[in-house]
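**Student:** First the structure, which I've put down as structure tokens, then a few questions once you've had a look.
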Amino acid sequence: MDGLNTSSRRKGGFRACTFIFILGALENMGFIANMASLVLYFYYIMHFDIATSANTLTNFMGSVFMLSLVGAFTADTFLNRFYTCLLFGIMEVMGLALLTTQAYFKDLQPEFCLRSTCVKGGQAVMLYGSLCLYALGSGGVKGAIPALGGDQFDHHQQKKGALARYYNWNLLISTTGSIVGVTAVVWVSMNKGWYKGFFVSTVATLIGFTVLALGKPFYRIQPPGNSTFVRIAQVIAVTFRNRDLSLPKNPDKLFEIHDASRDPSEERLSHSNQFRLLDKAAILREGTEPQPWKVCTVTQVEEVKILIRMIPIIASTILMNTSMAQLQTFSVQQGVTMDAHLGTKTIPTPSIPVIPLVFISVLIPIYEFVAVPFARKITGHPSGITQLQRVGVGLVLSILSMAVAGFIELYRKHEVHKNPPNKISVFWLSFQYGIFGIADMFTVVGLLEFFYKEAPSGMRSVSTSFTWLTLALGYFTSTVFVDIINSVTKRITPSKQGWLHGNDLNSNNLNLFYWFLAILNVINFVFYLFSASWYKYKSDGRESETIAKAEKRPNGEITLVKVENNIQFPRS
């Protein structure tokens, strides 16, 4: 037994995370490079118009992050998080390989036409098939990898801030890979051929997942548990079944499984007073055996309460990601109309996102080694500030970024109309990109840590995938916003043309669209403040407190007996 415990202690920690960091750097190198350049690939090679190119990219990005739920559900229910990453990693590599093949063979590419999209037949099947496979693979990995990394730290290490440091360093290393992607890989795509850029991404991603597989002996691997959605359905069904019962005044009388009968890998959650209606699911009817679909434990009810409490937090971060989608589409198209020279060198327009990435790579060490220790002395919090406070900072910065983006676009158009031969430098975009990069640093890490720490151990893949869900909804909302804004402004503007009509940004009103998003983000931030102040952090039940267990008497009667909680949580 001692040997087993020693072996367990040797696993996990930052040594195990090294393999995950390498995957993050290599996989992000290709993923971010493609996200930065695909809008131009669609425009120049697949001959989509501007709006269709932008919407195709945002729909693809939304699909990637939405499909993270598929990977998360697979990891929590059927496979463990490690094997889920490898399974979906194979799909991601296959999708990239198909993109590379289509970019290489001219016969698989459409001829120019005057329609919004020129691909059809087998060309369309290959393009959209490769994008779907790429989205499913990449999304599935994103649904499992954050929780796999978080699993490498036990509860004691997490209380000392190890989890926040892990997500900070993971973001830094992934950002470093992204910088290489939007500079070197994008340069290869734009100057040496699109297929070469896709090929580099394919090889880098393949190497990344090979390294992840080699780290298996070092990982703490959380086994899959019961289906998250089945457990939720059980609470809802039993609550409805017990709707006519009265809640006990003392929550200790609600049903909970005794220590000896509990799976040692499952944590017990303490009762909370929010959403008391759901507590009816934990009422054990007289003469009823404690079985699934007949009674739920307090822990199971609290799991559902946690997910409900998370909904306003999820909803209030969607709009920020809608704004980010604009920087990945319209800002790149703005860059095409600007002077992209740095001295005698020409900077590829899709490389513009390197600006926020550089900001992030510089600021994370400053944040980790300067800001966090300083804030920790004031607040006493291991991470300096809470996860929700960190998200709030990101939301404020996203408002500033959209406002600045509107002024930059106004200045760009002014110079185009005033001095047509002259173009302003593309580096003017660094202001909006830089501010939003900092916002993203605060928000993404804050959300990942928040969803991981607040989720029950068996739901952490699904929970951390909520971070990507907000991104997905943000991208899909972006597509809807573009269409709605064009439709509405076409009716109310004197020119009878939408703010974002046609292919000429110089005749559009992109600046008004940016400011409209800034105003919506202000309203959204007010909603977030209410949501964050209302949120009640979970209590994980590690402290001694009274609970109730079901005990069967000799005469066959089921009764609830008070017991003291002395659950021993294994150091996994």
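Cβ atoms here come from the backbone N, Cα and C positions, even for glycine.
Source: prediction; values computed, not measured.
Feature table excerpt (TrEMBL):
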- 20-44: transmembrane segment (TRANSMEM)
- 56-75: transmembrane segment (TRANSMEM)
- 82-105: transmembrane segment (TRANSMEM)
- 125-145: transmembrane segment (TRANSMEM)
- 166-188: transmembrane segment (TRANSMEM)
- 194-214: transmembrane segment (TRANSMEM)
- 347-370: transmembrane segment (TRANSMEM)
- 391-411: transmembrane segment (TRANSMEM)
- 431-452: transmembrane segment (TRANSMEM)
- 464-485: transmembrane segment (TRANSMEM)
- 512-535: transmembrane segment (TRANSMEM)
**Student:** Report yes or no: does the transmembrane segment (194-214) come within contact of the transmembrane segment (20-44), defined as 3 or more CB pairs under 8 Å with a sequence separation of 6 or more?
**Tutor:** yes
**Student:** Counting a contact as 3 or more Cβ pairs under 8 Å, with residues at least 6 apart in sequence, do the transmembrane segment (512-535) and the transmembrane segment (20-44) touch?
**Tutor:** no
**Student:** Is the transmembrane segment (347-370) in contact with the transmembrane segment (431-452), using at least 3 Cβ pairs under 8 Å (sequence separation of 6 or more) as the test?
**Tutor:** yes
**Student:** Any chance you could find the range in 56-75, 125-145, 166-188 with the most Cβ pairs under 8 Å to the transmembrane segment (464-485)?
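**Tutor:** Selected stretch: 56-75, with the most Cβ pairs under 8 Å.
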**Student:** Is it true that the transmembrane segment (347-370) and the transmembrane segment (125-145) have 3 or more CB pairs under 8 Å, sequence gap of 6 or more?
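**Tutor:** Output no: the transmembrane segment (347-370) is apart from the transmembrane segment (125-145).
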